[in-house]
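Report on the following structure.
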Amino acid sequence: WERPHSCDECGAAFNTLITLQVHQRIHTGEKPYNCEECGAVFALSDTLKKHLRVHTGEKPYVCDECGKQFTESGSLRGHQRLHTGEKPYSCDLCDKTFAYLGALKTHRRSHTGEKPYWCDKCNKTFTQRSSLNLYRRVHTGERPFWCETCGETFVWQNSLKEHQLSHTGYPCSRCGDVFPDRSLLYNHNLGHRWRDKQVKRDCNKTFKSKHNLKLHQRIHTGERPHSCDECGAAFNTLITLQVHQRIHTGEKPYSCEECGAVFALSDTLKKHLRVHTGEKPYVCDECGKRFTESGSLRGHQRLIHTGERPHSCDECGAAFNTLITLQVHQRIHTGEKPYSCEECGAVFALSDTLKKHLRVHTGEKPYVCDECGKRFTESGSLRGHQRLHTGEKPYSCDLCDKTFAYLGALKTHRRRHTGEKPYWCDKCNKTFTQRSSLNLHRRVHTGERPFWCETCGETFVWQNSLKEHQLSHTGYPCSRCGDVFPDRSLLYNHNLGHRWRDKLVKRAMQKKAEAGNQQPV
């Protein structure tokens, strides 16, 4: 094919002048087609047409297999591979295959470590553009997902979906039963799986009454004559309907006599009581460890014994033994922090981290050193402190002979060798080896002076400056004898006297020892 029209910018050749002119928009950035709905601009009229379907809702491409509709033909082709099982795109670095080219490109970044998308606010990088777009809400404060029931808003769609289940309950995809708790739904689904294996049309089970037989036969027929007026969920017995309705009424008739906690289901109360009784009825056959819930036992077996990690992260490839741990991990990539402190507004990715943070406000320090009685907010801080008593320094630098009691201290120390300063000020670009140093430095820009003198009211940027200032009121005490001086230089001269007397005493002791050694035997 003759291609007489070539691009001066990159050398690409085209068979018509119009296709060359369209191509040159890549270099010029020209986007002559704009959307009247939202103002988005495009280089091609076809791209604008596709975009308009976002506003019109038009989905002209339909899957013959399942009827699902798509805005683009390429999306339909990719979807159809879910039915055929075709995965034409394979990774040349491992044996994984993919139905979509985009999925392969994203996967390869887990091998190369490439993160081409970065946040212009904090420089955090991402392997996928979608992850960056989600993360930006951390800076903008955008909360686009809201609950129609109570009006609460959310940064992430997953957070909204999880929240909505607190209103609607957790529905079973097999039979429509709804449960107020995810663990109850899980146990219910175990029943489905058991019936799939065990139940036949005639199971020969016997009953004491016709009524009980009739109720049982609904398992086989699937009949669900009792429906909820509130949400339409259907149930095979009246009692299961009544239990379900507690989701809507908020009724929680089962209460714990130990702590007063209330529950909608007796089974949930039974599980809760194990917190007080210490009962752990689920035992691991491998190691004998006991658990309060069957789900905890299954998680333990995967983590410790089988090594099974069926849930993997699309962003970085990390694998997890439970779905919930994967969802928590994904907050690293999305920046989601659903737990907030009501005292100061600080937000956290984990509920445990919030609990630890709250101790800053309550002053609670539950971890006590047996050696000296000092108290700590975290168990890790206590363990580190105890090394001061034992002298243990398990962390050693591979670039010099220094050892440290804390892993964090080793990491900070190694930056002296490498010159790394990962924390930088967004006001003046000054860099720091420690986050705490950056936080202190920021006061230079904000004007914050959080330390104040109770005697005269003067404020200070740094705690050390306050301590130094307070000595102007109290005087400078000698740590050896307790004498107090109005000036640091006078204290210094006083300490010279202590050191001089120490030398005299030492010299006298040496002379006495020498004289003793010279006496005749």
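Cβ from N, Cα, C; glycine included.
The structure displayed is predicted, hence computed values, not measured ones.
Features of the protein shown, as given by TrEMBL:
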DOMAIN    5-32  domain 'C2H2-type'
DOMAIN    33-60  domain 'C2H2-type'
DOMAIN    117-144  domain 'C2H2-type'
DOMAIN    145-169  domain 'C2H2-type'
DOMAIN    170-197  domain 'C2H2-type'
DOMAIN    226-253  domain 'C2H2-type'
DOMAIN    254-281  domain 'C2H2-type'
DOMAIN    311-338  domain 'C2H2-type'
DOMAIN    339-366  domain 'C2H2-type'
DOMAIN    395-422  domain 'C2H2-type'
DOMAIN    423-450  domain 'C2H2-type'
DOMAIN    476-503  domain 'C2H2-type'
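By the count of Cβ pairs under 8 Å, the stretch nearest in packing to the domain 'C2H2-type' (117-144) among 5-32, 226-253, 254-281, 311-338, 476-503 is 311-338. Counting same-chain residues at least six beyond the ends of the domain 'C2H2-type' (226-253), those with a Cβ under 8 angstroms from any Cβ of the stretch are 167-169, 171, 176-180, 215, 218-219, 262-265. Note: the domain 'C2H2-type' (339-366) comprises 12 helix, 4 strand, 12 coil (DSSP; helix = H, G, I, strand = E, B).
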